[in-house]
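According to Swiss-Prot, the protein carries these features:
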{"type": "DOMAIN", "residues": "2-31", "note": "domain '4Fe-4S ferredoxin-type 1'"}
{"type": "BINDING", "residues": "11, 14, 17, 58", "note": "[4Fe-4S] cluster 1 binding site"}
{"type": "BINDING", "residues": "21, 48, 51, 54", "note": "[4Fe-4S] cluster 2 binding site"}
{"type": "DOMAIN", "residues": "39-68", "note": "domain '4Fe-4S ferredoxin-type 2'"}
């Protein structure tokens, strides 16, 4: 099972998700599309354990973790977006 962390353009650059991640999957990168000029990125998705702590920490509720089951259909991990 692979996890893919999706960061949408409503990220406010607060870094709470980065600090909440127990496996250090997330990092902040420069991004002109938000107020803080930085956005969360997930370059190490293979290390994601799907705990969703990043989602819980996100004050804007626009961070989502989705589970991809190989060639099967994508299923949401209880997210609303």
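Quick reminder: no glycine exception, Cβ is built from N, Cα and C everywhere.
Feature annotations (Swiss-Prot) mapped to structure.
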residue	record	Cβ neighbours (10 Å)
11	[4Fe-4S] cluster 1 binding site	23
14	[4Fe-4S] cluster 1 binding site	17
17	[4Fe-4S] cluster 1 binding site	23
21	[4Fe-4S] cluster 2 binding site	22
48	[4Fe-4S] cluster 2 binding site	20
51	[4Fe-4S] cluster 2 binding site	14
54	[4Fe-4S] cluster 2 binding site	24
58	[4Fe-4S] cluster 1 binding site	21
Query raised in the report: Among the binding-site residues 48, 51, 54, whose Cα is within 10 A of the Cα of residue 17 ([4Fe-4S] cluster 1 binding site)?
Result: 54
Report task. Compute the C-alpha separation of residue 11 ([4Fe-4S] cluster 1 binding site) from residue 48 ([4Fe-4S] cluster 2 binding site), stating it in Å without decimals. Result -> 19
Report summary line: Closest by Cα to residue 58 ([4Fe-4S] cluster 1 binding site), out of the binding-site residues 21, 48, 51, is 21
Report summary line: Between the C-alpha atoms of residue 14 ([4Fe-4S] cluster 1 binding site) and residue 54 ([4Fe-4S] cluster 2 binding site), the distance in angstrom, to the nearest integer, is 12
